Amino acid sequence: MPDTQGSIHGQWSSRFVFILAAVGSAVGLGNIWKFPYITGENGGGAFVLVYLICIALIGVPIMMAEILMGRRGRRSPINTMRALVAEEKAHPAWRWLGWLGVVTGLLILSYYSVIAGWALAYVFRAGAGLFTGANADAASALFKDLLGSPESMLAWHTIFMAMTGAVVARGVRGGLEKAVTVLMPALFALLVVLVLYALYEGDFGRGFAFLFHPDISKVFQHCELLESGVKSCRFNGEPLLIALGHAFFTLSLGMGAIMVYGSYMPGNASIARATLTIVVADTTAALLAGLAIFPIVFANGLEPASGPGLVFQTLPIAFGAMPGGRFFGMLFFVLLVFAAWTSAISLIEPAVAWLVENRGMRRVSATFGVGVLAWFLGIGSVLSFNLWSGESFQLLGKTWFDLLDYLTANILLPLGGLFIALFAGWVMSRSASRGELRLGDGLGYRTWRFLVRYVSPALVVIVFFNAIGLI
Ligand code: PHE
Ligand code: NA
């Protein structure tokens, strides 16, 4: 397969644009909404440490694998897998990997859009001055108010899904390039402003220690007081699975989003350098968000483990107290919506690209069909926070939203990533992967191959077995 030949969907105009788009996909609600709240729920520092280890040993090599497979296949993930299977004369069962990714992307998009809808709602709340002078109780009340109104959550979810569809229908390149160049740096700048605010007005010391002081016993030990009065502790591996799953989620790995963007990547660009940039940007955004949020949590006596509402209940306190807070608050939520938007686009693109390639559908119709499906599934997540929050609507103690989030982030993405690593490491020939990576045959290439063949798959399998109680 000559790599000078681009994808039928077009090609990014430069190496830089590929990086921008991939950073746009990676940096999103995962960094600013999800990372802080799961860190809060899982006890802080030790969880963050495991997450960072997963990023380095699993995220980096698998991201390189996904990009190189996409660029070699030059098609939507489903057809890329088909092409690579043909090229390597591999077993046809590998083609399922593409399908797994498409389904996972749709499931994630369905609830991602609901949370992005919260951010949209908050743009207007900030603009209306509702944060002014808000204390912790007022900020919580404001959030509960939104959750209590399925109609307005549904409306915002619908608007966000329509926004996503509007961009995807026109093809990923139209408009996206310019917007990402300006708005992404603005989001980073505003995160820095928030960290500075937290430094002066929050309990920065405690927030910092919570994030970076790894207290293993707090995270991985589950203790009970027995009837005899003896305290009994056992190892609790669940945070391992959540940290692993989040490493995939935050880097957009394991479902073909990065693969499909890789298929639009010019042949002469360095995959290793692109990966490094994407990973550093994504990790920085998450850590900045944590540094902005936890000092405010502690200074206001809030509960770090308060769940998916954490960001929406803490940042309004900061905006309500800082000079120019109305403007900054609005700007922040606008940028958050934008970050979510560029991620949502990559969640839907594999499915749309496939419908265009194989069903000969027009981009507009394909986008409409897929968007409506994801929108419909999203209604379950809207209701999870109100009408369906009760126990009678739960399965395995989880609401529809919790269940989808758990299934996709902690199971489907790591599973997809595991098979991507195995395919790139064991099925693809050395000459194929070496040719795409262009690292020569030196230490860099050999380290990558070792990680992708042994280390990443083994770690994913160990964490899985641990979660289902086998180890
Ligand atoms: N990485 C995105 C985020 O952190 C979410 C995402 C997951 C996007 C999987 C695409 C694929 O918000
Ligand atoms: Na992310």
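Each Cβ is built from the backbone N, Cα and C atoms, and glycine gets one as well.
Listed in TrEMBL for this protein:
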type	residues	note
TRANSMEM	12-33	transmembrane segment
TRANSMEM	45-65	transmembrane segment
TRANSMEM	96-121	transmembrane segment
TRANSMEM	154-172	transmembrane segment
TRANSMEM	179-200	transmembrane segment
TRANSMEM	240-262	transmembrane segment
TRANSMEM	274-298	transmembrane segment
TRANSMEM	327-356	transmembrane segment
TRANSMEM	368-388	transmembrane segment
TRANSMEM	408-429	transmembrane segment
TRANSMEM	450-470	transmembrane segment
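Against the transmembrane segment (368-388), stretch 96-121 shows more Cβ pairs under 8 Å than any other of 12-33, 96-121, 274-298, 408-429.
Ranked by number of Cβ pairs under 8 Å to the transmembrane segment (179-200), the listed stretches 12-33, 45-65, 408-429 are led by 12-33. Sequence-remote contacts of a segment are chain residues at least 6 beyond its ends whose Cβ falls under 8 Å from one of its Cβ atoms, and for the transmembrane segment (240-262) they are 12, 18, 21-22, 25-26, 30-31, 34-35, 38, 42, 47, 50-51, 54-55, 58-59, 62-63, 66-71, 73, 76-77, 80, 98, 100-102, 104-105, 108, 172, 220, 271, 278-279, 282, 286, 343, 346-347, 349-350, 353, 408-417, 420, 459-460, 463-464, 466-467.
Listed as Cβ neighbours of the transmembrane segment (274-298) (distance under 8 Å, sequence separation of 6 or more from its ends, same chain) are residues 15, 18-19, 22-23, 26-27, 30-32, 35-36, 39-40, 48, 52, 55, 59-60, 63-64, 67, 184, 187-188, 191-192, 194-195, 197-199, 201-204, 206-208, 210-211, 250-251, 265, 304, 310-311, 314-315, 317-318. Residues 54, 57-58, 60-62, 64-65, 237-238, 240-241, 244, 410, 414, 417-418, 421-422, 424-426 of the same chain sit 6 or more residues outside the transmembrane segment (450-470) yet have a Cβ under 8 Å from a Cβ within it. Each of 12-33, 45-65, 327-356 was scored by its Cβ pairs under 8 Å to the transmembrane segment (408-429), and the highest score goes to 45-65. Within the same chain, residues 35, 38-39, 209-216, 218-220, 239-240, 242-244, 246-248, 250-251, 253-254, 258, 271-272, 275-276, 278-279, 283, 290, 417, 420-421, 423-425, 433, 437, 448, 451-452, 455-456, 459-460 sit at least 6 positions outside the transmembrane segment (45-65) and bring their C-beta atoms closer than 8 Å to a C-beta of that stretch.
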